[in-house]
Amino acid sequence: METGRSSESPEVPKKGKSKTPRKPKDSILKQKSPAEFFADNKNIAGFDNPGKCLYTTVRELVENALDSAESISELPVVEITIEEIGRSKFNSMIGLADHERRDEALYDDFETAKAREKRLAKEARVLEIQAKNAALGKKVKDPAATKAAKGREASYYRVTCKDNGRGMPHDDIPNMFGRVLSGTKYGLKQTRGKFGLGAKMALIWSKMSTGLPIEITSSMNSQNYTSFCRLDIDIHKNVPHIHIHEKRENKERWHGAEIQIVIEGNWTTYRSKILHYMRQMAVITPYAQFLFQFVSDSPEKNVTIRFTRRTDIMPSVPLETKYHPSAVDILLIKRLITETSKQTLLQFLQHEFVNIGKSHAERLIGEMGPDFSPKMSVKSLTPQQIVRIHQLFRQAKFDDPSGDILSPAGEYNLRLGIIKELHPDMVATFSGSAQVFEGHPFIVEAGVSVGGKDVKQGLNVFRFANRIPLLFEQGADVVTRTAMKRINWNSYKINQTQDKIGVFVSIVSTKIPFKGTGKEYIGDDISEIASAVKTAIQQCCNQLKSKIVKRIHAREQQERKRNLSKYIPSATAAIYDLLKQTTIVHASKKRRFRDDNADLLKQVSVNSLTKDTFREKLAQHVEKVDYEMGLEYATQTGVNEEPREDIYIESLDEDKKNLIDLQSPIFVFRLYH
């Protein structure tokens, strides 16, 4: 047998099962465009899932609209509409005919007869257990929602945002929407945006989920026409693909922008987040007017909310600034050298950085070493010399940058926003002075409210960064941790678990130190910011403590009045009986009383002073004491505690010709005429 095997020809290996390693192909160097990178990593920009994509799209459009209006000092009017689009309507929009299922078993949501029987049996057992518990008087839990099928039906929405802002130059519109990392927000200044992507990321998501283009209508103040542009983006080349770009007649002389985009989303799961965002945006921007609408084919799902303007006082426009020496790195210094128009090193230091005057620049150059001179060409600096400049910047002492370039919401606006949206029983606000971290100025503003409408018991934390709400990853945020762990609420007469407490903290800076890929929270590791947040909240609590103590004192006075009033009948009877007995003694001459006492007894004996008279006199005395205490309390807490505020008078619209609202931080007076 063995001999026979040796005479056989070698077995030929089967094709595809050879263990011989293949020769690797030569690797080809590839690169991605910025648009392609963000399309592959859309979660970085907040586009994690369809629901979050819908929320982020709304947020980006609203914030762009506010920036546009504020840039021309126009009181913002923003209209945001989310229209639900059914599958049939969406298919007709893209020119696709409806298709009925032929093979049900092919789909993820298909349920076999056995699986259906098993599910129904399980539901029957649950209902039986609930019936038994109900019969025994036990608490019955709500039936759990039916587990969603593995497959999901895509939901589509048309998001439209219209504003009364600056508008956009006709020729710039394609690049402003169709080219990633190109825009007007890349200078060093306070901005609302997190990545500078704006509506571009929404367009990328639209391209990925629906394939439909974005539509932009825009007009500037000086234009007698409107620009209309329909475009999408070439993700691989990072360039706009223009469908229509034309000028149209502007009969209404409107200025601003209207953006319309169709995306896949999920309104059901992110409804509360979107509405919370709009409500918090109304808190931090009470000078803006928002109209939010959700439109569906089912009327019961429709939502319309108008957030009215409460004040016409707008924050100042944030100013672009130069870099502080302690905030730059080597790459940034090289970039500034490339872009500068200055010739010498002395001029470069003076004009490209803040807080470096001529004499200071000369001292810095002298400290750099013999290889440096004030008149040397800045373009001739070697990499080693640039590193030396960077080292000196990190070690030298510089004046802190000014906070004048920042644009906080303002204590007045923050207070009005809280009162307008939450209607609290008490509110206190505080605005801190500008401070610095890593060469960047920042300002912390805070508000603390007690009580209110639609406020849960315990701590309710509202966070804002550069005047935009932060709704996600709250637990790791510096504001949440400070409010939860570093404030002793009991020392301010506030019950952390029982009272309805609203904690509002707004941080503005040229650089917000966000953490995480989504930039949804501010880290707790920067001591300057953590300390400023704690101080701001404590200042608000001190104000509230004064009000609470006075309110407790007033409540005690009212309780004292009730107690005194409760004992008036008994005290009256006792006093009158004593006087009656004394009158008898006085009449029997066993003991004689003189002057006022005798007159009093005489009035009792002839019934000119009765029990009712004494009751009335005691009641008057209690009222007098209560009035005097109340007057003293009002004097202490009135004008001194709550300064007078100007009344904001809203302009009359066409549909409001017969009424006008007079609004103050305390009341709204509606006048009909």
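In case you wondered, yes, glycine gets a Cβ from its N, Cα and C as well.
Automated prediction, rather than curation, is the source of TrEMBL annotations.
It should be emphasised that the depicted structure is a prediction, and the values quoted were computed from it without experimental measurement.
Neighbour density for ASN64 (ATP binding site): within 10 A of its CB lie 22 other CB atoms from the protein chains shown. Residues or ranges marked as ATP binding site by TrEMBL: ASN64, ASP163, THR184, LYS185, GLY193, LYS194, PHE195, GLY196, LEU197, GLY198, ALA199, LYS200, LYS519.
For the domain 'DNA topoisomerase VI subunit B transducer' (401-560), the model gives a mean pLDDT of 89. The annotation domain 'DNA topoisomerase VI subunit B transducer' is assigned in TrEMBL to 401-560.
Feature annotation from TrEMBL assigns region 'Disordered' to 1-32.
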Cβ-Cβ neighbours of LYS519 (ATP binding site) (radius 10 Å): 19
